[in-house]
Each structure stands twice: as structure tokens, then as C-alpha cells.
């Protein structure tokens, strides 16, 4: 509920007088309660939004209908009933769930009660006498629709049920009793009709003509024919306010029967009695009233006239809404009188020196803090009392009598021997400077309200204290802003803390030597921090533990339902349980804390507990604010919280209600403070909902629901989910034995209580899961797997902190729970520590323990998982973890998820996000004769072995260790099954794995071999387990070396008879775990025989459906394949490794890549791919800006939780978005965007591709065709003309910077970003490598390490230029005959180019599309080269030095397969038909077909067509010179498979990026799905002239790129910026028009091609008769191959001699053909 106004009675008049005032002058109606009774009033218009309805009632009925209205039978209604003698209100708006209010005040007592109903939009308040409550409905609409009249006491019979929204109201019993003064706002409503009403309505006794009340008295109809007069505000008395002055303000039915003017109720009272008879009063006198607001009081100085009395009397009247407060006090030490209001009751304490006499007076119903006047009289008189003792004689004692309102009286006797009240101090009225320090005071706060006519009288004199204060007597001292009239004092509204995160910050509490705090609280929750404040840790340094450097603190907390006080004044703390019973019972609990120096007391519900602080300090020095209800989020980390305050460390804020907070006797307006601070989760009022919150089963995904205070609490531990209702999937981290996550806390943490929970899954029996570590001590709390059990270790380094020897424990405490937890299933572990108590739970099986010693403080700087990196104080390092961890929550902090989302900046990790297959440290045994020898296996009493293997061989020895006598152990592969053979001295035994099929299937399999101390052997293959019990010998005594993978040949013959292996293992081994030790098989080997190498890439050499994951594109090569991962956000050989990942923290961060001024590219096409995860609904991910002044830009952003792109390349802003994919869910998403001119596509994950085609493309295509015919010398003129005409606004000009993170745009991104790729640039990878062009700023963290460079000198250029690869696996070569060029060696610089045709020069010499450039200049810093034809050995002419400008990043790389080309850019299929229709189309195994395929971008003997246009000018391809009009005659056909031929120009993709995995569609490699009819599937060729790829088109299905990925997801098309499907390819249409003018050229080209084929056939003949030589193809590194193999050429031992030209690279001989 929002903080809103609470109903209070109107000012000036107390409720009783208000009742009388409202009833006066208005007719009363008597309802008989008979059938058919009703009253109908005019419609209450104020009920629609804001308004008040009030009336008075008197009844003895327990159930009846009072009021009803509705909207005519639709949704809204308001109903006021009597239920069980109490008022119940129900209402609703807009068909929302009805709200219900049930008041506690009984009204069926046949007495008058005042009712006020207040409407305020969705909120309605109901008040009866002094009780008020409010409720609110959760409706869409704020206003209530009111269509009916106001029905009172019943429903007329003519109202149909269908016209009633709440039809049951018609069957409620009619009201029986009196109802008077019904008002809507300030006016009575018009009575439209009635039935069954009697008496009062017909006799207007209080009408002006008959009003009997004189002097302005208020007339009230009490009963038929009977009236009463309220004279309280007139100054007169009597039945009709006509007799002199009345002594006090009060209702007409009060009796004056005291000789000193004390007033007593003879009947009734507000909320308790009816209107009784008015007795004849004595002569009135002037009243002396004062208002106290908590900080005011006055005192009379008795030092000059001390009191010595034996008989005395105190009288006063009070009116308040406050439950606690000091009204009067005199005396000190052991001689005093104290009169207070405590919990709404009057409390009297008298001590005459021998002990205190206490009396408590409570009303029968309600409380005295009802804002009505109450009169108190205290007397002490001498009485004779029969004593009981030795003498059994009568003694004189003093009788003490206290009466409140004349009828509530308590009597008692003071202690004997002390009869005189002596006081020479002060007479305090309404409060004191320090109420908590007054002797005998049951309260610690001053009075708030009105006090009137305070008089003290004894035998000798009379002190009219109120009069003396008003008249300014010199002996009277006034404190504060006293007002000598009765004013309304706002009640201290309670507040509700609705969540553990809610808190209110109070001003700093200055309580150095003395102080007091009192409050009431109410909750049902067992734990919570109520109050907390602390001082500065004076002189504290790192690692300081001296007691002199302790910080002072004060706290109150609830633990397990008990209230605890915690106090430390710098010399030692105390922790005191203040309540003897649990106080979380949902009832109000009053707490009163008082301190004076080291001494003090805390009282809980009047049960006081004294305390004495330890040490010598008496000063409590608090520097921080005083926090109520909890701590701020930042304060939990930044403040060095005292470890003794357990709820602070556990982040357990208080949930419940708090009221009446007084600090040092002064009130604190909690509601006002909460409103001023905008406190989240702090609501006004306090109500306890009776409905069970868990009844609706709100917890999802198996979460356990428990009831809280007006809330439910979901326990998500063990579910794999987090969040309020377990709705958010917890982050999973995968560990391979070398990975970790480390939380490096900003400050050293000291705790005495911890709650830790996590889930794990592992196949290893050993491994560290979580540990706290300290840089300065051996303190640790560690969870690890130990022999398949969960082991908890808690070590508290007592010696390190200098604690007393008696406090030291016996050493680390350990607990074990669970068994066989290494079953590759999810398990849940939880640790709960409270001081010395330990609790370890695994899968709901709990083990408890108790720590020895008094020292309980745990110090830590780090929380580590996977690997324990802080090892200075540990003797035995736990084994590294291999497996998966999830849902790590440490003291309320979900660190894994916070680390992933960037919520914390002190996280370091290289573990991989997501549930990934784990293969740790794989090694490959290349031959059966290869093996390793390690140190002896230690397996004497027990053993736990684990490893993974992958092979195609059916047999082989995996592990062998011999021992003393006949002891040995063997693990081997026999006919595809695992055998475990062992001998412990009882003879050899064999166990065979029961896998359902042979395991030599080239898949990874997991093997677990264990033996427990009970001699139970276990063999587990994947998920299938075999066990065997052995008798006899229990120990395995091994010696000698442990052999892995095989043995020497002469040793096989000596193996025991049950061992079948006669050869070694050939395949891969990984994740080898030897009893908790993870050896590095190669580094730790004592001997390594044969070919044993790191890594395991498998034997596959052909692109298959599973070759590349995450939509990576398989690129077939001569002896293998590589995966192009550029548009996946992943890396690695098969696109399954995380791309370079950065986590952007809360404060925002920015990564900026800036092109050098001379190398700024201008592009007509752009490719962007990025992976990310976030919970933000609005942020900017990536932005690319052009140079200053141009205004071109491209921006990828998140808006309302969805991804969108906006770009501008010179025209208007163009937007494209994906509204269906919500990406703000914290999961990993991959976005792919492509742009070609104004066309754009956007794809999120596997959602369908969104495409956008701005109008006007057709004109642009035609102009592009025409542009190619213009000679170079006129090209600039035409470009300027086109620019003037607005035709060339499709180019992203002069790109200057790429900015990642959105910090500069005011919409910073928070989360992780992986594998970003933009036009050949991998900016995140460059940032990780500290590239000089990259700048980082803000809260940024690199996950793991940056990508390593695995490229040789020969393959660096090849891999970096994988972006230029076409990605289909069918390829032919088109040979150009119009240009002669000569190549240079692949130096990653610009190639030298010479053109002989102006037409071609115009299109090819200047590839830049930047129309702002004045001339075409060669670039000296470019990293890409132009592929050329090596045709002659002549040096290039001087003109060749003017090579085209080539921007460093490629701006042309196709998105996956066909996505890089539009219809504008592609040659029609007819242009490719001659190449694809030759004799080598169907079968490509023949060498004659393979020989000509020598296409590359690196001048290594490849043939290219120089007539192709610049890279980013896609329009040029429409005039490809080999095009014929046969395109339109082709019928769709399936492309011929060529599995062993790689794609042109691509030798590999940079498979070294790291990024989290994400599911992706699974499509067959090499198969294309064409979206549009006759659409060619051709990638953009490399920069400069290249070789187009011929591929047969298919009509029916939509275009699908040839991608490979993991299965299980829909096969959806990827982005492809092509024209709309209903339009024919414009390029083909335009080319047909040109064909008649190029017939001669085509004939020449065909003739030249035939000549080339003859020459090549001859060359192949020579090639096949060469000396073959011998060579071995290493299949373990297919992603790094030499360029000759990459281009389909056959590797020769001896290349034919050729002229030495710059185009020759080492080990890569060029084969040159001359045409």
C-alpha cells in the first residue's frame, strides 16, 4: 500500500464530542429490523472518487445490513455490514478482487458509536470511535462507478437482483437500532423513501424551534422523545447548558463528585458507554490546558519548598492518541511518584523508600489513548491494616487508590515503616529532560497530547501546576513550544516493512553516556535486523584485530523469534537475549532500552533484563545513521559490519510493523521519514492479513513456500532457480579443472553466521566447490567432494587474531554428508553456521556439529569456486573441480548470477557460462605403441578413478599398475567394452562394464572406477553401474610406474591371464582423475613413448551436419574442414568455445575502437553479430559512427526488452527490430544484422529473419548498372552528379569509431557481451589484446583470458581473411582473359595491380565507396590484399604503385552463406552455368576436376577474374561479362555434392574466440534453402577481383544458409538482405538486356576457356606421373592448414622450377599456368 493519509477525527473536538456534535440537530431514525424494512437516500456522488460519509448508531444486533450502493449490477459495489457485532466493509472497483475491512471495536453494546467512512480513489477507510483502518483494491480504474441510490438498513423489494452487483446483499438481515446524523460530507442526504422506520424520524426534537440546549449547547436525540445537551465547549453546565461555568471540557454525561474537581464517568465513555444522565455539577471554574508534542514539558522547582507529606492527592485529565508517555513524576532515588501511560493503560508507581508499589489501570474495552478526555485521581490515606507476623497486631499503613473516569479503581498498600513522601527535586509534568533515567519510570518517552488541570494537594498546601505554568510562576520552568490550549497531536502512525530490503534511516544517535530507545513491533517472521548503528573503526588497518581498534556499535535483532540486544562501546561487546519467550507471535511487543554508562536494562513487554557492558569504556560513539528495519544495499558491503550482528551479515532485514519509536524520549515520525526518504517497501499503517499467502501456491519450479508477515517466502534452494517466486533460472558455470570463479570482496569480511547454498553435478569423486579464503589468515569455510562425499571444513585461525588460548579450538572442524555424489546428477548442498553451531545438508539429509572453543569469527577476503588460488595458509590444496556449479548463494548474495549480469565488479572468472560438455586436458595417443608413465597410483585402502575417452579402436590398454606380490590394477578396452581387472591378493578378478553398446563409437564416454574401504568395487560407464563385493584382502599394494595408454611390447606378454590387451590404446583421453589428483599427463609423465600429443580433434575430415556448432559454417578443405564462426559470437575449431567476453558493470562501461584517420572505411554493406545476456530493458549495445560532420551511423540497441537497429547512411533514419524476441531475460542471445545499401536484415537467435526494403531500390540498381559503363576518367564527374541527385545515399561514409556499451549515449548496457564481429573486426578480441586502436573505460571486466594467437607465419593471413570466404561447398572456377597481373608474396599489404581496360579500371581500381574522397590513394597500412593472376614474370610497371585504397577490416564478408549478397550484387545463374555444367559437375573425385580449383586471396597460384568490381559495390555484378540469357531457362535442381572440396578463398576461420554457448538451429552442411525463385547463392567475393561461386538455384523452399549447429532447435533461415520475394532478381533482368552487345566477348571467352582446359589436362597428366613421395596428413589441426592444401591443390614434394618472383612464399610453391 502506498504511503497515504490516515483518517483522523476532525480537529478541535475529541471523538465523543464529535459524535455529539454530528448527532445534534439531526433527526434520528429507529429501525425496527422487521422484514421489508429499508431507507433510500439520494445517490452518494462522493463515493466515485473522494468523499466522506458519517453517522451515529446504537444497536444490539450482531448481524445486519447498514449501507449499500453499487454501479447497477456491473462490477463496483460498497457494502457495510454488522458481523459478529463489529463493522465489516467490502468494496471493489473495476471487477477487481474485493477488499475487506473488519474492525475490532464492538458496536452491538446498545451504546452510541460514531462511524466515518472515507473514499479516496482505490482506497477506502473506515473508522469507529478511535479505531481506523483502510484498504485498497488493485484495480485498473481509480474511480468507483455509482449508479444506485444509497440504501440504509435494507434493500427495497422493488430492486431486482439483476440490478444488484452483489446479489447476496438482498438477503442480509435488516438493521435494528438507532441511526442518527447521517451525512454525506457536511450535508445530510435527501431521504427518498423508507419502510418500517418508527419514532425518531417523526419528532424533530432538536429542530431550531424546539432545541432545549442553551448557550450554544449541542442537542442530541438520545432516544425517542429524549434529548441531551453537550455543554463542554460553552463554559456552562446543567442538563441544558444553563447553569454557570463547567469546570472542564467533557461530555454531557460526566459526573463531578470529587471535592477537588476530579471528574468521574458514571456510565459510558467514548467507545465504552452510552449517553447517560447528566448530574448536577458543582460550580465550574476556569480550565488550564496545555498541549504536549513529545519534546515539551514543564517542571516545578521544589528545592525551596520540599514536599514532606503523609497524605496527598493528585488529579488531572488527559487526552491522547499515543500509547506511551510520562504524565507526571516527582521525587528521585527511592522516594518518588510516577504516573504514566503505558500501552494505552494508566500506570502508577509509588516508592516511599522500601520498595515500589505499582498499579495498572486498563479499560474494559479499548484503550485510554482514544483521543477522548479521561480523568485520573490518585490518593494516599492512612489506614489500619492487620499484619501477619510474630506479633499479629494491627499496623498503620497507607492505602493508595487510583481511579480513572470514576469507575476504574485499584487499591493497594505501601510498604510498612515508610510513610512519608519526601521530594526536594522537581515536579515534572508531561515529560522530563531524560524520562528513561527517572527512577521507577515504566516508559522512556514524554507525553504527547493534552493535559488539563494538573493539581497536587497534601496536608499543607495545594499546587495547581497547570495554572502556575500558564501564569508563568517563577518557580515553574517551561521546556519546548508549549501551547496552553488543547490541540490535536498527530498520532505516530505505524509503518510496515514489507520486504527485507526495506529500511528507514534515522538521524545519528548521540548517546555517548546515556540514552534510551523505545518502540513497539509486531511480526511473525523469526529473523530480522530491527535497529543498527555503528561508529568508525578508529585506526583500523588491514588485518588489524586489536581490541582497541574495534568499532562501537548498537543493534537489536530478531533471531529464531527471540529479541537480542548487541552493544559494544569499544572495549568488548555483549550479546544479550532480551526476551524469555519468542516474540514473533504477530502481537504487539513493547521494547524499552535504557543505558547509563556501562549499565542499563532492556525491557520486553514489561519484563526487564539488566546488563553490564564489558571492558572499561563508558562512551558509546556512533558515527553512522541509525537504521531501522535493515541496512542499505551499499552499506552491506562498504561498511565493516560487526560479525556479532548475525542478521546484518545474513542480509536478513526486518519484515513487520513498527510504531511509537522514541529516541531519548523524543518521538520519531516514521511515516514522515519514510515519505521524505522515498523508502521503498515501507508502507503506512499496520494490518495483519488473515488469508494464508501460500494457499495460492505462488512458488514456481518446485520452490517451497512458507508464510511471512503479510507475504510468502519462497525457498528456491535445490530448484535451480532464483527470484522472488523461483522464476529465474540460475546461472550454471562449467569447470574443466583449470577454471574458477573468484569473488574478491572490497573489504575483509568478518562473520559469525553464514548461510551457503549451491547445486553441483560432477563425475569426479574429488573437487573443490566453494571456499572462503583470507589473505592474512588460515580462516576458511570450504566445501569439497572427498571420495564421493560432501566435506565441510571450517577453520578459524584463533592464533592469528591473538585470541585467548581458552578460545582456541582443537583445529579445523569437518563434517561429512552424502555418499556417491559423483554420479553426474544435480545435488544440493547447504551450510548453516550460527556461532559455534554447524549444519551441513546434502539433498535434505542434514548433519550437525558443534565447534570447540569460544572463537567463532571467520575472516575472508575471497569466495572461490573450482580452484583454491589463495594457498599461503593451507597445507593440503584441495583438488580442482570438474563439473558444473549453479545457484551459489552466500549470505543472500547470488554471486554467480551477479557476476554474469555485471552487478558486481569484484568478480574474476574463466569458467564457462552454461551447461557445457566438459573435456579437460585431452591428449591423443596417435598409435597403439604410444604410452605414458606416471608415478605409482596411491590406492592402498580406497580408490576413486575417473577419466574420459574417445576412440574408434575396439581394443587397447588404458591403465596398468603392478604391485607387490600379485597385486595389480588394469583398465582396458576389449571388443568395444571396458574391463576392470584387479588383484588385491586373493587372485585376479574382472569386472565388465555393462554399457548397452560398444563404446568405440568415436564419442566421449565417462569411466568411474572406485573401491571403498568396505572393499566394494564399482565400475561405471556413463550412467550404467556395476558393483562387486570382495572378501579377503582389502588393500591394494601397488608399486612401480602407472602406465597410461599402453605398455612396451615386451610387457604385454607378462600381463595376468585375465588381461586381454596385447596392444596399446589409440584415441583420446581426458579429465584423468587419480584419487583426487588431476595430473598433467604430458607434463607430469616420467616417460612419454611414441606420439602422444595434447588435444583431440577427432578423425573427421568431411563437413557433416554436426561439424560446426551454433550456426557456424563448415568450410570443406582438402584434408579436412574448418568452421567459419564469425557470425555466431563463438569461436574455437568448431564454433563451440566462448567468444571473447566482457562483463559491463552497473556503473556503465565503454569499449571504443577508432580507425586511423587515413584508414576509415566507407561501406555499402555491413555485417554485425554479437552475443549478450542482460536483464536490462533499455540500453545501447553497439554504435558505429562516421567521421565528424557526416552524420552516418548504425546503432544496435535494446528497447522495451527487444532488439532493434537504427541506421542512417545519408537519407533518413531506417529502423528494423524484432518485437517477438524478449532479450531482457538474462539468457544468452545472439543478434545478427546485415545491411546492403538501404536494405537490412535482423535475426535474433533462431527467430525468423526480419527484412526491410526501403522504396527506391530499383532506380538505384539501374543507376549502378549504368555507372559501370562510364570510363574511369569520367567516374568522378558522374559520382558528383549522382550525389547531387541523391542517388548515391546508400554508403556508410568514412566510419570512424565502433563503441560498445552505450555509456556515451546515456543508456549504458549492463551484462555480458561476447564475440562481437563487425565487418571483419573482432573488437572485443582486440580489446583483450590491448590493441592500440581500442580504448576501454568504466566498470568493465574481461571473462577469462583473451584469445591466444595460434597461427603460423604461413597461415596468419589465411585465418584472418576467413571473412572473405564463400561458405558453400560447391565451387567452380571462372577464368578471366582480359587482364594480366602479377602477384606478390602474401605480406598482408596491398597487392600491385595493373589494368588494361578503362572500363575495368573504373570499377576495380578504387574499391572505396567514400564519395567524400578527392582521389583514390593507395593505403600503406591495410591488412588485406587483392587476389591476382600470376601470368608473367615481368616486374610491375610504375603505375602499379597506385594500388587501390583498401580499408583494414573487410566490409564485405557474407553473413553465413548467401546472406551477404543482394539481388543487385549477384550475377544471374546463367553466368555461372557454363562453369557448373561441365563434365566435372556430378563427380568431383577425378583429379581433372580438382586441378583447376586454385582460388585464394593470397597470390599462391590461384586464378581470379579481374573484371569483378570492388568489394562493397554490389551493383557492379549485374554486368558480369560472362552472363547469358540462359538463366531464365534453368529449372531448379539439387546441387551436386562435393564433400571433399573446400570453398573458394577460405582456408579457415579464426576459431579462437571465446563466448558462451547458445542453442542454434541444426541445418545440414552444404545444403541451401533458397528463399526466392532463381536467386543465386553467391557470397560476396574477396576484396578486389575474385572468383564467383557457381551454384545451381532451387525454386521451392525459402533460402536457407548452409550452416551446422547442435540439433534440437527449429530450422529457421538466417539473415539474408535480398530483395522482396515477389520481385524477380533485377540483376538478371538488366543483364539480359546487355547480352546482345556482349556476344562476341562471350565467344572469345568460351574459346579461351576451352584452351585453358586443354592446357590444364596436360598439366594434370604430368602431375599424375610425378614421383609421389610420402607424406602424412595431420588431422589434429584441421583449422590450421597450409594455403596450398586449403585451395584444393595437391601438395608436392618437389615443385617445378619457376622464376623467382615476389609472389612465392616459403613452403608454398605457386603453380602457374599461362593462357
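Quick reminder: no glycine exception, Cβ is built from N, Cα and C everywhere.
Here Swiss-Prot flags 335, 352, 420 as Ca(2+) 1 binding site. Residue 335 (Ca(2+) 1 binding site) is surrounded by 21 other CB atoms, counting those within 10 A of its CB over all protein chains shown.
Marked as disulfide bond by Swiss-Prot on the basis of sequence analysis: 206-219 (among others).
What Swiss-Prot records for 213-229 (among others) is disulfide bond.
Take the CB of residue 241 (disulfide bond) and look out to 10 A: across all protein chains shown you find 25 other CB atoms. In the three-state DSSP assignment, the secondary structure recorded for residue 241 (disulfide bond) is coil. As annotated by Swiss-Prot, disulfide bond applies to 231-241 (among others).
The annotation disulfide bond is assigned in Swiss-Prot to 450-486 (among others). If you draw a 10 Å sphere around the CB of residue 486 (disulfide bond), it holds 20 other CB atoms from the protein chains shown.
As annotated by Swiss-Prot, disulfide bond applies to 657-686 (among others), with the evidence given as sequence analysis. Annotation for residue 657 (disulfide bond): spatial neighbours 494, 495, 496, 497, 521, 522, 523, 686, 709, criterion Cβ-Cβ under 8 Å with sequence separation of six or more.
Under the heading disulfide bond, Swiss-Prot lists 694-705 (among others), citing sequence analysis as support. Residue density at residue 694 (disulfide bond): 17 other Cβ atoms are found within 10 A of its Cβ, drawing on all protein chains shown.
Positions annotated as disulfide bond by Swiss-Prot, on the basis of sequence analysis: 699-714 (among others). Residues within less than 8 Å, Cβ to Cβ, of residue 714 (disulfide bond) and separated from it by at least 6 positions along the same chain comprise 698, 699, 703, 704, 705, 724, 725, 726.
The disulfide bond annotation in Swiss-Prot covers 716-726 (among others). Residue 726 (disulfide bond) has a Cβ environment of 23 other Cβ atoms inside 10 Å.
Just so you know, the Cβ of residue 1096 (disulfide bond) picks up 20 other Cβ atoms within 10 Å once every protein chain is counted. The disulfide bond feature in Swiss-Prot is assigned to 1068-1096 (among others); the stated evidence is sequence analysis.
According to Swiss-Prot, the disulfide bond annotation covers 1103-1114 (among others), on the basis of sequence analysis.
Feature annotation from Swiss-Prot assigns disulfide bond to 1108-1123 (among others). Counting every protein chain shown, the Cβ of residue 1108 (disulfide bond) has 32 other Cβ atoms within 10 Å.
Taken from Swiss-Prot, the feature disulfide bond applies to 1125-1135 (among others), supported by sequence analysis.
Here Swiss-Prot flags 30-206 as domain 'Laminin G-like 1', drawing on sequence analysis.
The feature domain 'EGF-like 1' is assigned by Swiss-Prot to 202-242, with sequence analysis given as support.
The domain 'Laminin G-like 2' annotation in Swiss-Prot covers 289-486 and rests on sequence analysis.
Ranked by Cβ neighbours within 10 A across all protein chains shown, the disulfide-bonded residues 699, 1114, 1123, 1135 are led by 1135. Cβ neighbour density within 10 Å is lowest for 213 among the disulfide-bonded residues 213, 1125. A simple Cβ count within 10 Å picks out one of the recorded positions 229, 352 as the most packed, and that one is 229. Cα proximity to residue 1135 (disulfide bond) (within 10 Å) is found for the following disulfide-bonded residues from 229, 1108, 1123: 1108, 1123. If you compare Cα positions, residue 229 (disulfide bond) sits closest to 338 out of the recorded positions 338, 844, 1096, 1123, 1239. Counting only same-chain residues at least 6 apart in sequence, those with a Cβ under 8 Å from the Cβ of residue 338 (N-linked glycosylation site) are 326, 328, 329, 347, 348, 349, 350, 438, 439, 440, 441, 442. Look at the Cβ of each of the disulfide-bonded residues 705, 1068, 1103 and count the other Cβ atoms within 10 Å; the largest number goes with 1103. Only sequence-distant pairs (6 or more apart) were considered; of these, at least three Cβ pairs between the domain 'Laminin G-like 4' (732-907) and the domain 'Laminin G-like 6' (1140-1348) are under 8 A, so the stretches are in contact. Note: the domain 'EGF-like 2' (690-727) comprises 4 helix, 10 strand, 24 coil (DSSP; helix = H, G, I, strand = E, B). Using Cα positions, the member of the disulfide-bonded residues 486, 694, 1125 nearest to residue 1108 (disulfide bond) is identified as 1125. Taking only the Cα positions, the spacing between residue 213 (disulfide bond) and residue 716 (disulfide bond) is 70 angstrom.
Per-class residue totals from DSSP over the domain 'EGF-like 3' (1099-1136), listed helix then strand then coil: 0 helix, 11 strand, 27 coil.
Compared over the glycosylation sites 60, 844, 1239, the count of CB atoms lying within 10 A of a residue's CB peaks at 1239. Across the structure, residue 1096 (disulfide bond) and residue 1123 (disulfide bond) are spaced 16 Å apart at their Cα atoms.
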